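Visitor: Mind looking over this structure? Questions follow.
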Amino acid sequence: MDNELSQQQQSPRLWTMDFVLITAASFFLFFGFQILLPTLPVYMLDLGGNNTAVGLIISIFTVFSLFTRPLVGALMNRSKKGWLVAGLILCFLIISSYNWTVSVAMLLLARCIHGVGWGIVTVTSSTIASDIIPANRRGEGIGYFGLASTLAMALAPAIGLALLDGKWQMPGVIVVAAVSTALSLLCVWGVQKQRKQSDSSLGSGDQVQAKTSFRSQLFEPKALFPSLLGLLIGIV
């Protein structure tokens, strides 16, 4: 009994202020993204786009995000928070600019840039969260962190469509998305502590990996199987 109590007292806290902030940042980030998901296609049609253009605003965003993620993953080790802040600022500016897109071409260009920003913030936010979460509570912590994006996905589309049908219409949706992204940025700004490892604390295997080429850092064979599972889940 005493041993169990001692272990509980020595166990690192999960719900630190940093973890609360990065989880809240994830909620606001995904809320700003999900509120645009059902409304931008309608906006594209209002600008004169056809069904092909509607498909492009989703696919072109995903393609640019896809190619951004491995590059950022290989480059962000020195300043994860800096990359996240930069990505959030980029997302905020692009979301705000949607109100001034007056043509199909402008909206598609904005989506390309937004995809780059999204690739940056999704990689860096999840990495920072895994750094903050204690190693012996990582499964629990990642579960709570992922719940934030799921909750945003449950709420934002319905709110976006309600705004679209209401008084404020698409400009109101864009303002809410921009404000939500700005709130995510404020939460990230308050994150203070991140787990850091010096070179001396790394194992020999980690030291070898740290010295590998940039090309080798882009591709990790061990990640192929979980990536394939993620692809199949995404298709479903």
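From the backbone N, Cα and C atoms, a Cβ is placed for every residue, glycine too.
TrEMBL annotations: computationally assigned, not manually curated.
These came from TrEMBL, pasted as-is:
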type	residues	note
DOMAIN	18-236	domain 'Major facilitator superfamily (MFS) profile'
TRANSMEM	20-40	transmembrane segment
TRANSMEM	52-71	transmembrane segment
TRANSMEM	83-102	transmembrane segment
TRANSMEM	108-129	transmembrane segment
TRANSMEM	141-164	transmembrane segment
TRANSMEM	170-191	transmembrane segment
Visitor: Out of 52-71, 83-102, 141-164, 170-191, which stretch has the largest tally of CB pairs under 8 angstroms to the transmembrane segment (108-129)?
Guide: 52-71
Visitor: For the domain 'Major facilitator superfamily (MFS) profile' (18-236), provide the mean pLDDT of the predicted model.
Guide: 86
